[in-house]
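Scroll down for the structure; my scribbles are underneath it.
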Amino acid sequence: MHTWRFRRPFREPAINRTDRMRDHFSIDHKRTPRRRLSVKAILALDQGTTSSRAILFAHDGSIIGVSQKEFTQHYPKPGWVEHDATEIWTTQLAVARDVLKQHDMDVSDIEAIGITNQRETTLVWDRATGEPIHNAIVWQDRRTASDCDALRNAGHSDCVQKKTGLIIDAYFCATKLRWILDNVAGARERAENGELAFGTIDSWLFWNLTGGKLHATDVTNASRTMLWNIHTGQWDDELLALFKVPKEVLPSVHPSSHIYGETESSLFGKSIPLGGAAGDQQSALFGQNCTQPGMAKNTYGTGCFMLMNIGEEAAASPSRLLTTVACWDGGKREYAYEGSIFIAGAIVQWLRDGLGIIQSSSEVESLAASVDDTDGVYLVPAFAGLGAPHWDAYARGILVGLTRGTTKAHIARAALEGIAFQVADVLDAMRKDSGVAIEELRVDGGAAANDLLMQFQADIIGARVVRPKVIETTAAGAAYVAGLATGFWKDSADIERIWETDRVFEPQMPAEEVARRRRRWAAALERSKQWVEQEASAD
C-alpha cells in the first residue's frame, strides 16, 4: 500500500510575472478594450496526452484562434505513465483564458464550451476538497497488464467483450481504477462511503469548471472504461463486481451533445454553457462529419486511430476490432468499429532521432520522393507490438529487402509505406466485418499533410483519401456537439454544409501492382510476429 500526498490543487492557475508578460493568461474583464472581436463562437477545450489546447470556432467552421500549453509527463517506473491532474486543469484553464485574451473576445459571445479529451486516462479525487488522491494513470500505462492476463486466463474475455465491445487490456480504465483503490491507503473504504469520485479527463474538467458542482461524463468516454454496457447504456453491475469498483465513485453519463451545466462565473468573468463532450477519436469522427454508416476516418498521429460509423447496432467484430460508441445526441444511438495502430508518425521520429537519416520530420517527404519506389525494402514498424487486427504484443519492428543498393531514401519511403500498409490492414478488417465497400477515407492528423503518404494510402486501399480544409477535426467535433446542444448549429446538415475538402487523392496504382506489394508486405509482417518469443526460445 502506498500513501500518496498531493498539495491542494488550485481552482485557478498560479500566474507568475513571466507568464503574464509572455502569455497574457490573465484576463481583466473590467478594463475597456481598445478593440473587441464581435463574433459568436464556440470554445473547444482539447485536452490531449502531451498538451492542453483551446480553439475558437466561428459559425462557418473556421478557426478564430488557438492556444496551447504542454505539461509534464511522469514515468515513475518502467511501463508506468502518469499526469499531474492539477497541472492538466491549470494548463487547460490557462489556454482557455489566453485564446480569449489574444482575440479580445467578449465572453458573452461564447455560445458554449465543448470538451474533447485523451481517453481512458484514469483519475480519482476527494469530493470534499477536489484533491486528487493519486496522479492520473495515463492510457499508455501498462502497470495492470498482469491483472488483465489473469482475467483473460480466468475466462472473462467473452463476457467483457459482449458487454463493452472491448478486449481486456490495461489500456482501458477498469484495472487502473482498481489499482488506485487497492494501492492508495484507505481509498477503497472511502470510495465505498461515497467520499471519492472517479472520472476520465472530461469529468475532471467538468468538476473544476463548475467548482465541484458537476460529476459527469459522456457516453463515448464511459464506453472506454470497460465498466459501461454499450447495449443497455448503463454502468454494468456484473462488470463492477468483476473489477471490484464501487458504484458510489461513478459519474453520471449523458449524451455527447447535452447541456451539462455552466462554468463558474469567476473563471471567465461570466458563466459559459457547457454544451458537450466526447473522447478524442469519437470527436474526430464527428468532426470529420462521418455521421452515416459506412463513413470512416483515420487520424495520423504518433499512432493511427481508424473509426468507422456502423450505425445503430453494436455489432461484434470477428476480426477483433473494437466496437465502441460514436457521439450520441440524445436521440438515436450510434456505434463505430475502431482499429488502433501503435506506431505511425513515431516511425518518422525514429528516422530522425534513432537513425539520423533526416534532421527534421518535415524532410521525410522530400527524401522519400527522391526515389520512385522502395526498391523492394519493407519496414514493419512493430516497435511496440502490433495492434488491430493482429493484436500481437510480441511482434517487433523489422526492415527487410536490403541490398548494397539500398539508400536512406529507400528506407524513408519504406517507413511511410509501412504506415499506409498498416492502415490498409485495418480497413480490410472493417470492410470484411461490416460488408461495406468503404470507397472514401477521411484523414486528419499531422501526417495527413504528407502528400506522398496520402497518395500511396489511396493507391494501396483502392479508395479516395479526402483531406479536409480544417484539420483540427478533434477540436471541431467538440465544438460541433456543443454548438448543436445550444442551437448554434441547427442540425448535422448545418454542420455538413460547412465541412470543406482541401484535397482528394484518387487511387492510381494498377490493381496487379497493389496486389503484388500487399503480398510482399504480408510476408514481411509474418516475419515480425511473435519475435520476442522466438528470441527467447533461441536463447
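In case you wondered, yes, glycine gets a Cβ from its N, Cα and C as well.
Swiss-Prot annotations:
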{"type": "BINDING", "residues": "Thr49, Arg53, Thr302, Gly345, Gly446, Asn450", "note": "ADP binding site"}
{"type": "BINDING", "residues": "Thr49, Thr50, Ser51, Thr302, Gly345, Gln349, Gly446", "note": "ATP binding site"}
{"type": "BINDING", "residues": "Thr49, Arg119, Glu120, Tyr171, Asp280", "note": "sn-glycerol 3-phosphate binding site"}
{"type": "BINDING", "residues": "Arg119, Glu120, Tyr171, Asp280, Gln281", "note": "glycerol binding site"}
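Structural mapping of features recorded in Swiss-Prot.
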residue	record	Cβ neighbours (10 Å)
Thr49	ADP binding site	19
Thr50	ATP binding site	12
Ser51	ATP binding site	14
Arg53	ADP binding site	23
Arg119	sn-glycerol 3-phosphate binding site	26
Tyr171	sn-glycerol 3-phosphate binding site	23
Asp280	sn-glycerol 3-phosphate binding site	27
Gln281	glycerol binding site	24
Thr302	ADP binding site	19
Gly446	ADP binding site	15
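For Asn450 (ADP binding site), the same-chain residues that are 6 or more apart in sequence and have a Cβ closer than 8 Å to its Cβ are Val364, Glu365, Leu416. Rounded to a whole value, the Cα-Cα separation of Thr49 (ADP binding site) and Gln349 (ATP binding site) is 17 Å. The local packing around Gly345 (ADP binding site), expressed as other Cβ atoms within 10 Å of its Cβ over all shown chains, amounts to 19. Thr302 (ADP binding site) has its Cα within 10 Å of the Cα of these binding-site residues: Gln349, taken from Ser51, Arg119, Gln281, Gln349. The most densely surrounded of the binding-site residues Glu120, Gln349 is Glu120 (count of other Cβ atoms within 10 A of its Cβ).
Glu120 (sn-glycerol 3-phosphate binding site) has Gln281 as its nearest neighbour among the binding-site residues Ser51, Gln281, Gly345, going by CA to CA distance. Spatial neighbours are here defined as Cα atoms within 10 angstroms of one another, and by that definition the neighbours of Arg119 (sn-glycerol 3-phosphate binding site) among the binding-site residues Gln281, Gln349, Gly446 are Gln281. Taking the centre of the Cβ atoms of Thr49, Arg119, Glu120, Tyr171, Asp280 as the sn-glycerol 3-phosphate site, the nearby residues of that chain (Cβ within 8 Å, site residues left out) are Gln118, Thr121, Val138, Trp139, Arg224, Gly279, Gln281. Cβ atoms within 8 Å of the centroid of the Cβ atoms of Arg119, Glu120, Tyr171, Asp280, Gln281 (the glycerol site) belong to the same-chain residues Gln118, Trp139, Arg224, Gly279, Phe305, site residues excluded. Spacing of Gln281 (glycerol binding site) relative to Tyr171 (sn-glycerol 3-phosphate binding site) is 15 Å (Cα to Cα, whole number). According to DSSP, Ser51 (ATP binding site) is assigned to a strand segment.
Across the structure, Gln349 (ATP binding site) and Gly446 (ADP binding site) are spaced 12 Å apart at their Cα atoms.
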